[in-house]
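Peer 1: Copying in the features that Swiss-Prot gives for the protein in this structure:
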- R21, E78, K118, K452: (6S)-5-formyl-5,6,7,8-tetrahydrofolate binding site (BINDING)
- 214-375: domain 'TrmE-type G' (DOMAIN)
- 224-229, 243-249, 268-271: GTP binding site (BINDING)
- N224, T243, I245, T248: K(+) binding site (BINDING)
- S228, T249: Mg(2+) binding site (BINDING)
Amino acid sequence: MKETIVAQATPIGRGGVGILRVSGPLAQQVAQEILGKTLTPRLAHYLPFKDNDGEILDQGIALFFKAPNSFTGEDVLELQGHGGQVILDLLLKRILTINGIRIARTGEFSEQAFLNDKLDLAQAEAIADLIDATSEQAARSALKSLQGEFSNKINQLVDQVIYLRTYVEAAIDFPDEEIDFLADGKIERHLNDIIHQLAAVRQEAKQGSILREGMKAVIAGRPNAGKSSLLNALAGREAAIVTNIAGTTRDVLHEHIHLDGMPLHIIDTAGLREASDEVEKIGIQRAWNEIVAADHVLLMLDSTEQSAYAFKTEWAEFLAKLPPKMPITIIRNKVDLSGEVEGLTQLDGFTLIRLSAQTKIGVDVLREHLKTSMGYQSSTEGGFLARRRHLQALETAAKHLTQGHIQLTQFFAGELLAEELRLVQNTLSEITGQFTSDDLLGNIFSSFCIGK
């Protein structure tokens, strides 16, 4: 017999309302034992919740959803009572005294919904993304994914790939036909259409991934260059202590903001120099740990101390230690003191921005540059939200399509084209969960809240 699961659906702790969710074949039995009544599906009942001996534990609203018309596709019971944690724990213990009921694993309700075809894998992930959204744009985009906008685009691509694959395999199976199906141009035209449509979905998915993941920007530089002042200017508040004493910042400071909806994780680090102080050495090592893991490095220079053209020589060792292809922007700070004109220029292959973190002159230029460098495009409408695994799958599918195009146009190798199309179909289907591994499912649902 299939197991019945139960969990608290509201956050742990004190609140106005607390909800317990039960899903599985014993949901009706739970209702009968706790409420003493058979519930009418989809109708709110205001009833007392009783203990084993009939003592009232709480009173609230009970809702019953009959399979398959529920979130999980199973019988579901929701008990909505007062949000005191002691009350909820007592009610949970009471439910667990019924044989055949256990505590749900993290994400198990959503997993059951996926397994019962109530939603696909991309939609299930969107539930977690909607809960974790840190901006209005991210929330709206996650909701679009939950409603199936991303999945629909993927399913349309898969359908076209299946159609083309069928056509190619038919051409292979009937080689004696008078028409050369591989050379008549129809397959290539259809293949090109799929390639172009996939490129459009990849671009939209990239925007969705930026909206979800954001950018990790690390501010690096010598002591007293103005790193903490820049952190405060970008954050719009006094997040870091600022003094004229070099080495004030000895640890890593994190600040999370949004640039037109794009999450930006700004990290202020200890000044980079030869240090004899053991505490400062630890701070510098932590700074390097953040620098090598960054999406973007902001190298902060004091414009009153050195020429703009001297940075490659002065910072040659620093630049050599950066990971290959690490995006780096040179910040010439304190232009209010040096007299330099604020703005963005290109210098020796680097983007250089002149600004004053203290007066905030030129800080808006930096904000726009950070958005542009990530390829983020602000939009009031927004698209769907995407994860890194989605981007990887789309990239892999694009490579197989490109390889398939080569097999068709250069070698007229129908069998190899058909194989590439099969791989495209499987790769795209991993996004929605039509073709996926149990390990992937476990990794995805284990990141959910326990009551979801």
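Backbone N, Cα and C atoms are what each Cβ position is placed from, and that goes for glycine too.
Given the structure is predicted, the values throughout are model-derived calculations rather than measurements.
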Peer 1: Would you mind pulling the DSSP three-state label for E78 ((6S)-5-formyl-5,6,7,8-tetrahydrofolate binding site)?
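Peer 2: Where E78 ((6S)-5-formyl-5,6,7,8-tetrahydrofolate binding site) sits, the three-state DSSP reduction gives strand.
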Peer 1: Which site among N224, S228 has the most other CB atoms no more than 10 Å from its CB, taking these as binding-site residues?
Peer 2: S228
Peer 1: If you draw a 10 Å sphere on the Cβ of R21 ((6S)-5-formyl-5,6,7,8-tetrahydrofolate binding site), how many other Cβ atoms land inside?
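Peer 2: Around the Cβ of R21 ((6S)-5-formyl-5,6,7,8-tetrahydrofolate binding site), 23 other Cβ atoms lie within 10 Å.
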Peer 1: Which of the three DSSP states, helix, strand or coil, fits N224 (GTP binding site)?
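Peer 2: DSSP assigns N224 (GTP binding site) to coil.
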Peer 1: Just how spread out is the (6S)-5-formyl-5,6,7,8-tetrahydrofolate site if you go by the largest Cα to Cα distance in Å among R21, E78, K118, K452?
Peer 2: 18
Peer 1: Go through K118, K227, K452, the listed binding-site residues, and name the one with the sparsest Cβ surroundings, counting other Cβ atoms within 10 Å.
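Peer 2: Across K118, K227, K452, these binding-site residues, the one with fewest Cβ atoms within 10 Å is K118.
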Peer 1: Just the number: how many Å between the Cα atoms of K452 ((6S)-5-formyl-5,6,7,8-tetrahydrofolate binding site) and K227 (GTP binding site)?
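Peer 2: About 41 Å separates the two Cα atoms.
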Peer 1: Please report how many Å separate the Cα atom of R21 ((6S)-5-formyl-5,6,7,8-tetrahydrofolate binding site) from that of S228 (Mg(2+) binding site), as a whole number.
Peer 2: 47
Peer 1: Enter the number of other CB atoms within 10 angstroms of the CB of E78 ((6S)-5-formyl-5,6,7,8-tetrahydrofolate binding site).
Peer 2: 20
Peer 1: Around the (6S)-5-formyl-5,6,7,8-tetrahydrofolate site formed by R21, E78, K118, K452, which additional residues qualify by having Cβ within 8 Å of the site's Cβ center?
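Peer 2: Along the chain, the qualifying residues are A9, S23, S70, F71, T72, V76, F109, S110, A113, G451.
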